[in-house]
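Engineer: Got a structure for you, written out below as C-alpha cells; questions coming shortly.
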Amino acid sequence: MMKQLLYLFMIIHCGYCDDFGTIPVNRYANGSVEPPDTRSVGRVPPYQPPAIGIPGPIQVPGIRPHNPYTRVDAWHPNGRIYVSAKESYVVADDVEDGNDDGGCHIPCSKEYFSCQASCKCIELEKRCDGIADCIDAEDEAGCRKSCDEQDNRTLCHGTNVCIAFDWLCDGDNDCGDFSDETHCGAELNCTEEQFSCTNGLCIHKEWMCDGDNDCRDNSDEMNCPKGKCREKQFTCVSGDCIPLHWRCDKEADCPDNSDETECPVDLLRCGENEIQCDNDKCVRKDFQCDGDNDCGDWTDEDSCPLLPGNCNAAEYKCNDGRCIPESWRCNMDRDCTDGDDELNCEALGIRNCTADEHTCEDRRCISKTWLCDGVRDCSNGEDETNCEVSCEEDQYMCKSLVSTAFRNCVNRKHVCDGMKDCPQGDDEEKCPKKRKCTARDKCERQCIMTFDGKPACSCPLGYLLGDDGYSCRDIDECMYEQDPVCSQTCSNTQGSFRCGCMTGYVLRPDERSCKATGESPTLLFSNRIGVRKVWLSGDNYVTVLKGLHNAVALDYHYNKKLLFWTENNMKVIRVAPLDSNNMTDISLVDVIRWGLETPSGVAVDWIHDLLFWTDSGTRRVEVATLNGQQRAVLAASDLDKPRAVAVHPGDALVFWTDWGPNPKIERADMDGSRRKSVIVDKIFWPNGLTIDYTESKIYWADAKHHVIEKASFDGRDRKRITNKGVPHPFALTVFEDAIYWTDWHTKSISTINKKTGMGIQTIHASLQVPMDIQSFHPLRQLNTYKNRCGTNNGGCSHLCLPNSNGYTCRCPIGYNLKPNGRTCEDTPDKLLLYARRKDIRLKLLNPRKQIDSLDMVIPVDSIKSAVALDWDHSRKRIFWTDVEKDTINRAFLNGSNQTVVVNTNLISPAGLAYDWMTDKLYWTDAGTNRIEVANSNGTMRSLLAWENIDKPRDIVVDPRGGVMYWSDWGKVPCIERADMDGGNRKRLIFGDMTWPNGLALDLANNRIYWTDGGNRTIEYANLDGSGRTVLIGQHLPHPFGLDLYGDEVFWTDWDANSIQAANKYTGKNRRTLGAGVEGLMDVRVFHKERKGGNSRCSRNNGGCSHLCLLKPNGRTCACPTGVKLMEDGKRCADGPVNYLIFAHRVDIRFVSFDVPYLVDVVFPFLALKNALGVDVDQNTGLIYWTDTAERVIRRADKYGHQVKTIITRGLQTADGLAIDSSGRKMYWTDGGRNSIEVAELDGSNRKVLVWTGLDSPRGIALHYERGYMFWSDWGTEAKIERADMDGTHRRVIVTQSVEWPNGLAVDRIENRIYWNDAKANTIESSDFNGWARKTILSNVPYPYGIVIVGQYIYWTDWKTKALHRADKNNVKDQLIIRDNLEGLMDIRAIQSDYKMDNVCGTNNGGCSHLCLRNSRGFSCACPTGLLFENTTDPEPKKCKKHPENFLIFATRTSMTIISLDTPELRDINIPVQHMESSIAIDFHWDRKLIFYTDVKLNEIRTLNMENMTENKMIVNTSLETPNGLAVDWIADNLYWTDNEYKVVEVAKLDGTCRKVLLSGLDEPRSVALFPAKGYLYWSDWGDNPSIERAALDGTMRKVIVDHDLGFPNGLTIDYVERRLYWTDALKDRIDTSDLNGLHRVQLVPDAKNPFGMTQFCEFIYWTDWYKKAVMRAEKNTGKNVTAVSTNFEMAMEIKAVSHQRQHGWNPCMENNGGCSHFCFFRGHDYVCGCPDHADDTCSTTPRQRVELRMPSRYPPNYDYMDYEHIDLATPAPEAHSNTGAIVIGVSVMIIIIIGAIAITFVCVRILKDRETDMKETHRDSNCHISFHNPNYDQASDPAHSGDGERKNYRLHNFFKYEKSQGRVTNVYMPEGTSLLPSPPPHEDLPIRPATHDDFEPVTLHSFT
C-alpha cells in the first residue's frame, strides 16, 4: 500500500522520476521561525509558481508554510542551493566558501569539484552522489542522505520540501501547497463540475476567478477575464471599472494606476495669489481658512489648523491637542505624536510602584497584568521570565534556557524524525526505537525500546499513552485551544477529527477551513480622504469614495447598499450609496450632523435598520434610524473615551470599547438595558472591536498593549491571538478564519489566523493613515436573524429598539410614552431646557423610567456659544442667543426649521425673553448696552432702552402686566424694571450685588428671583423691590441661569458644572439634575401652563402700522429703529429721511437723524466680503456699494431686496464711490487700475474718465451744482485733485504736506472740501481751489471716511474702531456714536433737503449714450472704447455702435472687449446669455458677426457685433469638444476642430451644409485660415504635437512644424508680413515661422502659460493664464512685453477684430465661385464641394467659373495675394565674355526706372483717392496710435485736429515711408522670407547649436 501511494504521488507531481531521489532540499527548522500557517489561516498568500526559465522545483519566495504539522525545513546543511549549468540539479553552493585549494596550483573551474588531497578535479555532479571519488572521500564529506524512498521520504515538487512518506494524506499541509493531501480518496481525478488545481486539489468551478485563493496555489485565479465596464465608466488596464470622471483627476483609482496615465498635462489654472479648489475653481489665497466655503466644496477650509480642545483632569494634553490618560505620562512609551509625554520626566523623580504594579530592574513600574503576556515591557524583559506555558496533548514542548511566555511546541510526528525542530535540538534526543511486540508485552498499539534500552509502549498519532503505560486513549483534537484544527465546527473521531462549517459556508478541499458562499469577500477601509475596497489577497483595490475630509469610522448596510462613515472635522455621520456600478453620481447625505463632537465608532444593525455610534467628545453611545430622524441615547454615564462599537442584531447586543482612565469593553441590549462591563482587566487602549457572528466571539485590538484578543460575549474564554506585528492597531474585522486590522504605525492592513494567531502577513501597505476597516460580504450581515420589531416597527410611533426579551418603544427626548407603551405623547409635558455653549439640550423633568432621564441634543446646527434661552409652548419652538456668532435663533423643539432671527448689530446678546401674548422677542446686549425688541421672526426691530445701561444680562417679561425686568452687572449692579414699550423705567433692586445673572418671575406670589455669581447666592424680592431675601447662600460656586416651575427653583452653576433644583420657598430639598456638564449657561423649564389670552395688541395689531408693545393697562405703537413715528402715534415713516450711511466691510449700516438717539442699524444684506465705498441714490433710495474682495459694485434697496450686481468685471480696488442722484450716474475710483470711471446707475455706458497721472486714487466726492469732481490720491506723490464731472479741466489743488489722504467730503454750505490724512493723523479743509487751507483736527489716530452734515463732521477711524462726530467750529465737542466696529470704511450723508435738477433734461441732452455734468453745463461722451460718429462736429452727440478695431476674447461665461480705437485700452465685459464655457472665437467683419464655441454646451453660436445681446445657436449636433474656430470671410465658410471626434469640419456661416474635411486626427486644437492664399492651418496636441497645413478643402495636407512642440495653440497669421505665430503652454513661450514652418524664431521665450493669440498692426496679443492678463509684445522682436489688461479668470482664445484683418480676394468672393454650396480656394485654383449629407441640388462643378485675377473694382491693396514671380534661369557665363553683366546691368536700370514711374503713379493716385467715395480710414503705416490727452487742460492747435491727425494710405499694407532714408520701401515679404534682417557688415554670425536647427538665431533686431 505504501509503495502504491508513493507511486501515485510521483506520477502526479513529477514528469521525470529518474532524478527524483537525487535532489537535496532546503529546510527551515520548525521551531526557529514562524512563517504563515497555510493550513489553517483563512487567506493565505497567493501561490507564486517558479520563475520562467528556471525549471525544477525551486523553493518559491514568500511560500513558507509552517505549523506543527508541516515540514518546510532545509535539507542540505549548507542552506544554499542553486541551479547547475545543466539546469537539472540543485546542488550545494560551496564553490565560494572562502577555502583555498591547498597546495594545488591548478584551480578547478566552477563546473568541477576540487579534491584537495589529490589536487584532482572531478565533475560537480559527483559531489554528494554516495560514491567516493576523491581520496579520503572529500566529495562525500558533509553530505546528508537524499530525499528518497529508501529513507522513507519523498519530495514535494511544488515547494521543494522533503517530507516523510507516511505524512501523505494525513490531513496536514506538510508540503505547503497541499500537494501531499490531493488524490487521497477513491477518486483520483476531478469531476466535470470541478476545477483541477495545479497542486491536484479539486474545487468547484464556480470558485474560479472569484478573487479567492481556493486552490491554495492561486491557480484558480490565473488568466481570469474581466467584466465589461458600463457607459460612464473607465476601464482600467487591469480590467477594473471606475467612474469616468475619476479619469485624470490626479489621484490613482485603478489598482494599476492606469487611470492617471496618458493624461494631458494640466495647464496652470490659478494665478499667483490664488489656490485651486478640488472642483477646479480658483479662489484668492486670503480666502483660505477664513471659515467660508468659497470653493463650494470646502477644500479651501481643509487642512486648516484646528484649535485643540480641553482635556479632563485625569488626562495629559499632548502638544497637538490630543488627550491621553495621565498615567501614560513618563511611562517610557511615546504615546503623543511627537513624544512630548516623555519629556521633562526627570523632574518627576523615581516613584514607588503601587500594589497593582510590578517593579522592573530599572525601577520602572508596569502593571502586574502585563506579566507573562508575551510582550517585553521591562527593558530587560524580566517580566516575561519564569512563566508557565503549555502545549497541546499531541505536541512536545521544547526546552528553553529561560522560562518565558513564548511557548515552543513541536508536533509529535516531528519528534525523533531525524531533524532538529527545537532550537536546542532536544526533540531528537533520547529517541526510542521501534520493536516488535512480544507475547509478554501489554502494549495496545506499538512497542518501542527507550534510548536507555528499556522496553516501553507508544501510541500512533491521534492517541495518547494512558496512565497505565500500555493502553492508548483517543485525543480530542476539537478541544485544542492554542492550535485549533478546524476553522468553525469540529467533531472528534477515534484517532482523528472531522471539520464542519456554519450556515452559509462550505468546507474547502483542505477539509479544515471554510469558504463563504456567494460573492468574493473584500475589505472596506477608510483613510481620512476616502474609502477604498481592497481584495483579501493581493494589492488590488478600488476607490469607493474620495475627496472626503477626515473619514474615520465606517460601516455598511449590505442589502440597502449604503455606506456610513464619520467625518470628525465636520462632526457629522454621513451616508452614500454603495454601488460599485453606479459611482458616477454619488450624493453624500449628512445623517447625524448635530450633537456630535468626536464620533469615534459607527455600527449598522442591518436587521432593524438602526445606526449606532460612539462619541468620545460627548461621552455617549447613541442610536438612530438610518435616516437619523429618530434618535436615542443608550449610555451616557460612566463613559470616558468610548471608541469602537459593534452590534449583534441576532442577540440584540451592542458592544463598545472605552479607552479612558478606566479602560473597558462594555455591552448592553440595543435599547440600553442590561448594561455590563465584560472586559475590565489587562486592557489599556482598546481601539478596534468586531464580532465573529459564527462563533459568538468579540475580538479587540489594544494599541497600548500591542495585542489582539478575543473573548465570549460575557467576557469569559478570553484568549490572546497575537502580540506580534501590532505596533498601533486601530480597527479590526474578521471573516472566515482570519482577522484583518489596520495599523497606524505600519500604515498597512494585515491579517492573521483568528484561532492560531499564526500566518501573519501584510495585505496592503503604504496606506495614508488607515482608519476603520470592515469585511464586505453578505455573510457578514446574515438575514437569518429575527427582526424583533417586525414589519410594523413593533407598533411604535417613533423608535423601536430591540432587546433580549423583544423590543422597547422609545420616544424622542422630552416626550413620554402613553400607557399603551407604544405611542408617544403629542406634546411634551415638562422639559428641562439648558444651553451648553456648543449645543442645546433637553430632558424630561420628571421621567417615568430611568433610561428617560438622559438628556438629548436638540438637532440644531452651527452653535458656537449659546447663552440665553426661551420657549414657545403653543408652537413647540425654542429661541436662543449665540454670543460668539452674535445671533438670535429659533427652531422647533425637534430641531427643524432652524432660522436665524437676528444676526446684525449684536455684540453680546446675553439675555432673551419671549412675549407669548404678542409673539415678540426681547433681548439685552451687553456689548451695545441696549434693550431691544422685535417680532419673533426678527422683523420690525426696535430700540427700547439705550441710556444709563452698563452691562445688561438677563431679561424676563410679564406680558399680562405689561412689564419687563432686566439685570445689569456693570459698575453699579442692579435689577431694573420698565414697561414693555421701554417707558416708566425704574431701578428696582440695587446695592449688595456683584454679578446679578439669571432672573425668574413668580407671578403667583408677585416675586422676582435672581442669581448672583459674585455673591454666590440665589435671592428673591417682591415685584416692587421690597422683601429682599437670600434663598440659598451656601454651596453655590457660581450660579448663572435661573428659572421657576411649580414649587422649585432651577439653576445652572458654572463652576460646579451642574444643574440643580431646590424648594423655591425654603431653599431646601436640593437635588442635582445633571452633573459633570461643562459649559452650562441658561436654563428654562418648558411647560404648558403659561397663561395667554387676548391683549390690547391682539385685534388689528392694536391699530399700529408696525410694532404694538404692551404696557400696564394699555399699548404703545412703535417703529423700527431709526424710523420716526408719525404724529398720529400709529403710523411710521417709510424709512429714515436724513441719515448717515457707512460701510463696515461685512455689512452696511445707517444712523438716523430722525430719532432722538444715534444708534446704528444694519441693512439686511446678505454677507458681504469687503464693502468699502457706499452711497445712496436719493431719488430711488437704492443703496450702492463696492466690494473689493469680490471686485464688484452692487446695489439693493433698504430691505435687502432687489439685489443686483451692477459692475462685475474690470474692477480691482474700487475704494471710493459717489452717486450722482441728479445726473443719474455713479462715479468710482479704482486704486488697482489707477482710474476714475463713470457709468449709468444700471452699470451701462461705462467710461474711463481719468487714467493717467494716477497712483492710488481713493476717496471721491461730487459737487453737482458746480459740476466738480474731487478725488484723493495716496500714492507716491499724494495729492488731491479736481476735474469737471466729465473728466475735463483736471487740476491738482492740494499737494503740499499731504501724506495719506483717505476720505473726501464737500461742504456745500461753505463751498469747502474736507479730507482726512491717515498718516499725518489730521482732518483738514480748503476751498475748491486748494486755498484757505486749515487743519480742523490733529492727533486723529487713523481716519478713513469723512462727511459733513450741517455743523458737524463725521468720520470713521480704523484704530479706534469707531464712528466719531465733532463740531467743525468747536472740535472739542466730540462724540463717539458707535465703537467696537473693526473695519469701518467710507461714510456718506443723505439729506432730503438737497436735490438738484438734471442739467441734461429729459432727453439726456440729446446724447446717444452718456450725458455728463461739467462746470459749463454738460457734454456728451461715449463709453470706453467708442468714438463719435461725426468727429468734425464741435459738440458730437452720437457714438458708434462698436469700435472699429478691438480685441475680443472669451472668459468662459462672458465676452470681453478691449478697444484699440481709444488710448485707455480698458476691458469692457459683455455678459452673454447661453454661454457656459466658451473657448474659441472668430469674427466676420462684413456680416458684423462674432462666432464662438462652447465646450460645455457643445455648441457654436454667434453674436451680433452691433447688438451683443443678440445670441444665436448655429451648430449643436455631432459636436463634442470644439476647441478651434476660424472664419473664411471670403467664401463665407466656418471651420472648426473637434477634439472628441478628432476632425476638422466646415460649414456655411449659418451652420448648415456641414462637411468633415480631415478625420482621424490625434488631438486637434487651434485652427487658422489664410483665405487669400487658400491655406488652412491647425495645431495638434497629440503624442507627437505638430502644426499642419492644408488647402481650404483639406487636400494637400502637410506637416510644417513637428519639433520642439508641447501644446501648440493660438494660431494666428500676419497676412501682410506672411508670418505664422503660435503659443505653447507647455514650453511657456511664443514662436513664429513663415507660412511654410521655416525660419522659426522663439519670439517670446518666457511667456508663462499663454493660451490664445492674435496679431494686429505691429503687435501680437495673447491671453496669459498665469498672470490672468492680456499681454502684448512687438511682433517683430518679441520685446516690450506689456500687460494690456489684467484680472481675467480663464481668458481663452483672443481675436483682433478689424476690417484690416479681413481684406483679401479669391474667386470664391464672386458669386461663391459659381458653386452651389462650398467654394474652396486652393491657391492656384478653386473647387466646389458638397456637404456630407448633400441633396440633389449640390454640384461640384461651378455654374460659371471665375477668373483667378481680382477684378479692377477692388482697391489695389485689398488683396493679400502674392504677385506672380517668374524665376528665369540664369545661363552659364561664357569664357572671356561680359555680355551677361551688360544684360544684367541694363535690366536693373530698366527696373529702377519702371519702379520710379510706378511709385509716382501710386502717390498721385493716393492723393486722388482721398476725395473719392471709396475712401478707407487707416492708421499711419506703423499702426501706431496718436491720441490727444483728454485729462489735462492744454492749449490745443486747431490745425492738428480732425483729419490732420490721421494719415490714410490706401497701399498701407504694401509701402512704408522711411523718413530716415527719405524713400518709400516695399514692405511686402514673399512667403519664406526670414523675419530676421541680415547682420551688419563684418559681424560674425552666431553659431547655432546642432540641437536648434529648427530655429533662427535668438538674437532679435528691429525690422527695417
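Using N, Cα and C of the backbone, Cβ positions are placed for all residues, glycine too.
Sharing the feature lines straight out of TrEMBL:
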| type | residues | note |
| --- | --- | --- |
| SIGNAL | 1-17 | signal peptide |
| DISULFID | Cys169-Cys184 | disulfide bond |
| DISULFID | Cys190-Cys202 | disulfide bond |
| DISULFID | Cys197-Cys215 | disulfide bond |
| DISULFID | Cys209-Cys224 | disulfide bond |
| DISULFID | Cys236-Cys254 | disulfide bond |
| DISULFID | Cys248-Cys263 | disulfide bond |
| DISULFID | Cys289-Cys304 | disulfide bond |
| DISULFID | Cys311-Cys323 | disulfide bond |
| DISULFID | Cys318-Cys336 | disulfide bond |
| DISULFID | Cys330-Cys345 | disulfide bond |
| DISULFID | Cys360-Cys378 | disulfide bond |
| DISULFID | Cys372-Cys387 | disulfide bond |
| REPEAT | 609-651 | repeat 'LDL-receptor class B' |
| REPEAT | 696-738 | repeat 'LDL-receptor class B' |
| DOMAIN | 809-824 | domain 'EGF-like' |
| REPEAT | 876-918 | repeat 'LDL-receptor class B' |
| REPEAT | 919-961 | repeat 'LDL-receptor class B' |
| REPEAT | 962-1005 | repeat 'LDL-receptor class B' |
| REPEAT | 1006-1048 | repeat 'LDL-receptor class B' |
| REPEAT | 1181-1223 | repeat 'LDL-receptor class B' |
| REPEAT | 1267-1310 | repeat 'LDL-receptor class B' |
| REPEAT | 1311-1352 | repeat 'LDL-receptor class B' |
| REPEAT | 1488-1531 | repeat 'LDL-receptor class B' |
| REPEAT | 1532-1573 | repeat 'LDL-receptor class B' |
| REPEAT | 1574-1617 | repeat 'LDL-receptor class B' |
| TRANSMEM | 1781-1807 | transmembrane segment |
| REGION | 1821-1844 | region 'Disordered' |
Engineer: Tell me, in order along the sequence, which disulfide-bonded residues from Cys184, Cys202, Cys215, Cys248, Cys378 have their CA within 10 Å of Cys323 (disulfide bond).
Structural biologist: none
Engineer: Please report the distance from the Cα of Cys248 (disulfide bond) to the Cα of Cys169 (disulfide bond), rounded to the nearest angstrom.
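Structural biologist: If we compare the Cα positions of Cys248 (disulfide bond) and Cys169 (disulfide bond), the gap is 53 Å.
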Engineer: Using DSSP, how many residues of the repeat 'LDL-receptor class B' (1532-1573) fall into helix, strand and coil, respectively?
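Structural biologist: Going by DSSP assignments, the repeat 'LDL-receptor class B' (1532-1573) contains 0 helix, 23 strand, 19 coil.
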Engineer: Which residues of the chain, 6 or more past the ends of the domain 'EGF-like' (809-824), have a CB below 8 A from one of its CBs?
Structural biologist: 630-633, 671, 794-801, 831, 842-844, 848, 852, 854-856, 893-894, 1086
Engineer: Out of Cys184, Cys215, Cys224, Cys336, which of the disulfide-bonded residues has the smallest number of neighbouring Cβ atoms within 10 Å?
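Structural biologist: Per-residue Cβ counts within 10 Å for the disulfide-bonded residues Cys184, Cys215, Cys224, Cys336 bottom out at Cys224.
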Engineer: Taking Cys202, Cys236 as the disulfide-bonded residues to compare, which has the smallest set of other Cβ atoms within 10 Å?
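Structural biologist: So among Cys202, Cys236, the disulfide-bonded residues given, the one with the fewest Cβ atoms within 10 Å is Cys202.
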Engineer: Count up the helix, strand and coil residues in the repeat 'LDL-receptor class B' (1006-1048) according to DSSP, in that order.
Structural biologist: 0 helix, 24 strand, 19 coil
Engineer: Since the record lists Cys209, Cys254, Cys323 as disulfide-bonded residues, which of them has the fewest other Cβ atoms within 10 Å of its Cβ?
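Structural biologist: Selected from the disulfide-bonded residues Cys209, Cys254, Cys323 on minimum Cβ neighbours within 10 Å: Cys209.
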Engineer: So among Cys197, Cys209, Cys289, Cys318, Cys360, all listed as disulfide-bonded residues, which is physically nearest to Cys387 (disulfide bond)? Use the C-alpha atoms.
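Structural biologist: So, of the listed disulfide-bonded residues, the one sitting closest to Cys387 (disulfide bond) is Cys360.
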Engineer: Please list the DSSP helix, strand and coil residue counts for the repeat 'LDL-receptor class B' (696-738).
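Structural biologist: Summed over the repeat 'LDL-receptor class B' (696-738), the classes give 0 helix, 24 strand, 19 coil.
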Engineer: Looking only at the repeat 'LDL-receptor class B' (919-961), what is the mean pLDDT?
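Structural biologist: For the repeat 'LDL-receptor class B' (919-961), the model's average pLDDT rounds to 93.
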Engineer: What does the structure give for the C-alpha distance between Cys360 (disulfide bond) and Cys372 (disulfide bond)? Integer Å is fine.
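Structural biologist: Cα-Cα distance, Cys360 (disulfide bond) to Cys372 (disulfide bond): 13 Å.
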Engineer: Should anything in the same chain at least six residues away from the repeat 'LDL-receptor class B' (1006-1048) have a Cβ under 8 Å from its Cβ atoms, list it; otherwise answer none.
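Structural biologist: Distant Cβ neighbours of the repeat 'LDL-receptor class B' (1006-1048) are 830, 834-835, 845, 869, 954, 956, 963, 965, 967, 969, 975, 977, 988-989, 992-1000, 1054-1056, 1061-1067, 1070, 1080-1085, 1087.
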Engineer: By CA distance, which of the disulfide-bonded residues (Cys190, Cys318, Cys345, Cys378) lies nearest to Cys236 (disulfide bond)?
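Structural biologist: That would be Cys190, nearest by Cα distance.
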Engineer: Using Cβ atoms only, which residues of the same chain lie under 8 Å from Cys318 (disulfide bond) while being at least 6 residues apart in sequence?
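Structural biologist: Counting only residues 6 or more apart in sequence, the Cβ neighbours of Cys318 (disulfide bond) under 8 Å are Ile324, Asp335, Cys336, Thr337, Asp338, Asp340, Asp341.
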Engineer: Quick check for the class: what is the C-alpha distance, in angstrom and rounded, between Cys378 (disulfide bond) and Cys289 (disulfide bond)?
Structural biologist: 46
Engineer: Given the disulfide-bonded residues Cys184, Cys209, Cys215, Cys224, Cys345, which one's Cα is the least distant from that of Cys202 (disulfide bond)?
Structural biologist: Cys215
Engineer: Near Cys197 (disulfide bond), meaning Cα within 10 Å, which of Cys190, Cys224, Cys254, Cys345 (disulfide-bonded residues)?
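Structural biologist: Checking Cα-Cα distances against Cys197 (disulfide bond), the disulfide-bonded residues within 10 Å turn out to be Cys190.
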Engineer: Which whole-number value in Å describes the distance between the Cα atoms of Cys169 (disulfide bond) and Cys372 (disulfide bond)?
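Structural biologist: So the alpha carbons of Cys169 (disulfide bond) and Cys372 (disulfide bond) sit roughly 38 Å from each other.
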Engineer: What does the DSSP secondary structure composition of the repeat 'LDL-receptor class B' (1488-1531) look like, as residue counts for helix, strand and coil?
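Structural biologist: Its residues fall into 0 helix, 28 strand, 16 coil.
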Engineer: Which residues in the same chain, at least 6 apart in sequence, have a Cβ under 8 Å from the Cβ of Cys263 (disulfide bond)?
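Structural biologist: Listed in sequence order, they are Arg247, Cys248.
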